[in-house]
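Novice: After the structure tokens below, expect a handful of questions from me.
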Amino acid sequence: MASPCPSTSTVIEGDTINPGLEKQLDPYLVQFDEGDPLDPQSWSVAKKWYLTRMSHMFLIASGVFSNIVEEFHMSEIAGILTLSLFVAGYCIGPILWGPLSEQYGRRPIHVWPFVAFLGFQVGAALAPNAASILVFRFLAGTFAAAPLTNTGALISDIWDAKMRGKALAIFTVAPFAGPALGPTVAGFIGATTDWRILFWVLTGFTGFCLTTIIFTVPETYSPLLLARKAQQKREETGDLGYYAPFERQEWPIRARVYHVLVRPWVIFFQEPMLVSLTLYMSFVYGCLYLLFEAYPIVFTMGHGFNAGISGLMLLPIPVGGAAAVVLYSMYYNPRYEAEAAKLAPRPVPPEFRLHMAFIAGPLFSVSFFWFGWTSFPSISYWAPLMAGLLMGFAIQLIFLGLFNYLVDAYLSVAASALASTTVIRSLFGAGFPLFAGEMYHALNPRWASTVLGLISVAMVPIPFVLHRSVARLISPIRLHRLGLGRALQHFVTFPTTQLLRRLIPSRHKMPPMTLNGVVTKAGFMNKTATVLVSRFVSHKLTGKRIVRSKKYLVHDEENKLRTDDLVVIRNCPPVSARKRFELHQLLKSPETEREIARARRLQNQTTLSEATQPSPVLEALGARQDRASL
């Protein structure tokens, strides 16, 4: 047979999603039925909002406890470490709890880390010395990161694509509300009572959250719920053929370790765009925790407020964040939905998310200049207080814009991209308070805030640069070498498409592939056949198993393929610049088998008819005898 390589395959039909087809292809594959009570997205709206609101309570933070510093004669830096080490635990937590929740479900990773968190809170309350407090604070932060990691996943499990954006926008206020409320509670309780009482209060609140999780928060991870449903079907029917995709996933330990610990950093250090956005978000996040040291200098030392009142000065920050969420829900999200409807079936370009950062970046810089140059004791405390309102508004919009942009831009590797971002952001949050006090004492609040404002001004152009030059920064060739080429599909509508195509050498356009499919048309064109390739994938938003199908023209030199044939096709040479495919193996040919069966039936009928007919020799002898008798 002549080589089919000179011919090219043509995509006849784009990706189509047909969940009902999955059941037709495999009747033993267990999936959710319409309105299935096991399906988290079929739960009532009231139950979904209850879980969404309760999840906000699980995000706990606290301030620095001044009584600890006095009792154990700790230095100022050591006292700040009670906060910084707690935040540093967030560096380790997301790496552990995210993958574990996808292996064992959301509920166990909500319950058991909270049990450990409760134990470490008790340990801190009973700590005999400063070293044990610092150790317990770090371990508490590590296990407290479980709800921070898991709550976003829980919200994604229960809400559909239309409502998920609004629910997640509300959820993002909680990580900023915690740092603002923590110093307030710590200030009022710690100023009048022993610091151990404060830890017992936190322990009681942790115990309340744990009790709430145990009795009211169900499992929401759909793949695990389908595995349980498959187990129930096997027990009810006695048929061991029923299965869920989750039960057949096999990941070697080495691959899992690479996926969790190595790949996020491989992507991070090779992507200038990811590095720049991570530094921007980390700086903003670090400035939020820096205020824990700046506010007492301005409001306690400058205006003479006690620790509790100084903590109240932080409340405008979450109020500004809530205002940003309202703006996002009423203006930016409807704009995005309208753009999605306009461009359908193509995706909305990720740079559409950057419009929020265009406004929020300059506002964040202004808020620091405002806060710094109104921090004079002679000026009313309302002036720097209201700067926090603008600061919270800008921080929330920056995170909403850049976080969503990263998810859209690195959609196929979003978990890995966000993992490295979360670790570095937490390091900034842990590190900034360590130098904030010295900085504000040495430079005074005016010039210290000016330095931070000028750094933020230098970062304002980052979203604008990405909006214009994203193709130069995303390094598509490296993504292909990492096996991450699908991320490039989401840049087809960029103004820089031609530049992006020039950046990808032709030999990287299609990796080696061997595909299983079914012939839908034979002889559609000369010496070609149309092959439908279907595969099971997890939906990026819902997590449900769906069927994604695409049709290819495959060269058939001998015209031996028939409709409904099951075949294996592959591109050749193994890396193809023009998507060339050839027939690799014919697995099954129903039409050929039917033709063979028909031929066999005809042969059997012929044999039977021949057996019932008299022999010609006997007929000739009989005729001779008849003539002789006459």
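Quick reminder: no glycine exception, Cβ is built from N, Cα and C everywhere.
TrEMBL labels come from automatic prediction, so no person has curated them.
Feature list, courtesy of TrEMBL:
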type	residues	note
COMPBIAS	602-615	compositional bias 'Polar residues'
DOMAIN	41-471	domain 'Major facilitator superfamily (MFS) profile'
REGION	601-630	region 'Disordered'
TRANSMEM	75-97	transmembrane segment
TRANSMEM	109-127	transmembrane segment
TRANSMEM	133-155	transmembrane segment
TRANSMEM	167-191	transmembrane segment
TRANSMEM	197-218	transmembrane segment
TRANSMEM	273-292	transmembrane segment
TRANSMEM	312-331	transmembrane segment
TRANSMEM	352-373	transmembrane segment
TRANSMEM	379-403	transmembrane segment
TRANSMEM	410-435	transmembrane segment
TRANSMEM	447-466	transmembrane segment
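How buried are these features, and what lies next to them?
Specialist: The average per-residue pLDDT of the prediction over the domain 'Major facilitator superfamily (MFS) profile' (41-471) is 83, rounded to a whole number.
Residues of the same chain lying 6 or more positions beyond the ends of the transmembrane segment (75-97) and with a Cβ under 8 Å from any Cβ of it are 61-66, 68-69, 109, 113, 130, 133-134, 137-146, 148-150, 260-261, 289, 292-293, 419, 422-423, 426-427, 429-431, 433-434, 437.
Non-local neighbours of the transmembrane segment (133-155) in the same chain are 51-52, 55-56, 58-60, 68, 72, 78, 81-83, 85-90, 92-94, 96-98, 101, 106, 109-110, 113-114, 116-117, 120-121, 123-124, 127, 164, 167-168, 171, 174-175, 217, 220-221; each lies 6+ residues outside the stretch with a CB under 8 Å from one of its CB atoms.
Outside the transmembrane segment (273-292) by six or more residues, the chain places 63-64, 83, 87, 176, 179, 183, 267, 314, 317, 364, 368, 388, 395, 398-399, 402-403, 405-406, 409-410, 417, 420-421, 424-433, 436, 452, 455-456, 459, 462, 465-466, 470, 473-474 with a CB less than 8 A from a CB of the stretch.
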Novice: What same-chain residues lie close to the transmembrane segment (447-466): Cβ under 8 Å, and 6 or more beyond its ends?
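Specialist: That would be 273, 276-277, 279-280, 283-284, 287, 290, 294, 351, 354, 357-358, 361-362, 364-366, 368-369, 371-373, 375, 401-402, 405, 439-440, 473.
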